[in-house]
Amino acid sequence: MKDLLQYAACFLAIFSTGFLIVATWTDCWMVNADDSLEVSTKCRGLWWECVTNAFDGIRTCDEYDSIYAEHPLKLVVTRALMITADILAGFGFITLLLGLDCVKFLPDDPQIKVRLCFVAGTTLLIAGTPGIIGSVWYAVDVYVERSSLVLHNIFLGIQYKFGWSCWLGMAGSLGCFLAGALLTCCLYLFKDVGPERNYPYAMRKPYSTAGVSMAKSYKAPRTETAKMYAVDTRV
């Protein structure tokens, strides 16, 4: 059961880390589609904005200004949160790989491997926090912006939708939470499992068996007085 939980957590961790990295460095966090004309589709990301022509499929992208330039608060905070989530998730995944039983790293000390799994789980849990905050905050801001335009009857032909990059960020964050929960639960459920826990019992058992057999085979020698007493009692 321990190995199954570790492999399940590793599977979730690798995909969650990949989702977070792809979400951070792609350009489809918000889709701006003109349904009235259906000429082009505009995708806005954290680093650049791309427009795709609906007829010929030509895609042109414009990078944002330098990171030192003034940007909206939503963009700056989401960048910082997603980069933090990427770094933490990557560190947690590498730590988890070192803690797996199938990886030949410190094979003679299973307790260190258990601790590595716990550290990896804690790191993944922490990584999911900035990831989900950044993704949900961006999505809520997109929804609020769209609702405000509809409320004020402005640019009704333009629709703002969540792009697949935003969904990947949410999925990666939830995967980090689930992988971290599996690893931390795995540590507490199986913390007493290990060869060193059974070592004293294994040593005591043959020793006690040998002691019993030696006690049975040992016979105390009879003295002359004991022999004479035995003869007298027989008579």
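Even glycines carry a Cβ here, placed using N, Cα and C.
Swiss-Prot lists 25-79 (among others) with the feature topological domain 'Extracellular'.
The feature topological domain 'Cytoplasmic' is assigned by Swiss-Prot to 101-115 (among others).
Annotation source Swiss-Prot lists topological domain 'Extracellular' at 137-169 (among others).
Under the heading topological domain 'Cytoplasmic', Swiss-Prot lists 191-235 (among others), citing sequence analysis as support.
Tertiary proximity for the transmembrane segment (4-24) is limited to same-chain residues at least six positions away from its ends with a CB under 8 Å from its CB atoms, namely 46, 79, 82-83, 85-86, 89-90, 92-93, 96-97, 99-101, 117, 120-121, 124, 127-128, 131, 135, 165-166, 168-169, 171-176, 178-180, 182-183, 185-186, 189. Among the features that Swiss-Prot reports, transmembrane segment is placed at 4-24 (among others), with the record citing sequence analysis.
As annotated by Swiss-Prot, transmembrane segment applies to 80-100 (among others), with the evidence given as sequence analysis.
The transmembrane segment feature in Swiss-Prot is assigned to 116-136 (among others); the stated evidence is sequence analysis.
Per Swiss-Prot, the feature transmembrane segment maps to 170-190 (among others).
Helix, strand and coil residue tallies for the topological domain 'Cytoplasmic' (101-115), in that order: 6 helix, 0 strand, 9 coil [DSSP].
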